[in-house]
């Protein structure tokens, strides 16, 4: 019988009567001819996007497993580190006892400085009021009194802002593992940004007093604003936005932190104010500890 009806192997030029070309080896039974897919193997439909063909080397300079050009590798998102408020206060107490000397001296220096400034301010107010009353007994005294009160509130706000920024910086220093010094109470990184951030939060707190829960809301959302301004160098608006973001992501823990800070300082105030010498530094270090955790860092 003739084999002329047998089709040629794929990729071959059939010889006479359908035989392989002269000199070509006859494929063994069950083995496809060259160029033909093995039995049962599907031909590739299309190469997946971005995948190197089999056996082909990747482009020069790009190792295996590297992210495509322009795509940032995943490094984890801030806010994923859990907050343990109990551990934060234990940490704060430990750092306070190890740095009690510089903390007390720095706090005393601030207290003396504020006392001197307030004394000078009151002397100016009293002297100005006396002069106004002797010159004009009607409107002059009231005008000087009102102006002095506004000036006093402004100076008090600035002093409070400076001290809050200093206390925040001391708390951040404690979480780095470095020993606290008295100079840390008066050396504030990113001072202008920290000052503006504290002023905005302070003004927002004052305005929100028309609502009962207003100051609590401002304190909750702005709890880490100064930390972001001092530690990360963020501008006032960006620092407040970052604080709002991490506060919302850790709402329960932040609320508990605020509650314990309030309780600690209330107890300190009840002890004729002497307890604040302990409660305030412990609270500020505990808050800095929680800040480190919400940004994915581990306090030293």
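Keep in mind that glycine also has a Cβ here, set from the backbone N, Cα and C atoms.
TrEMBL labels come from automatic prediction, so no person has curated them.
When TrEMBL is compared with the stretches 141-163, 164-186, 233-255, the one noted as transmembrane segment is 141-163. Sequence-remote contacts of a segment are chain residues at least 6 beyond its ends whose Cβ falls under 8 Å from one of its Cβ atoms, and for the transmembrane segment (270-291) they are 83, 85, 87-89, 91-93, 95-96, 103-104, 107, 167-168, 170-172, 174-175, 223-224, 227, 231, 253-254, 257, 260-261, 264, 299.
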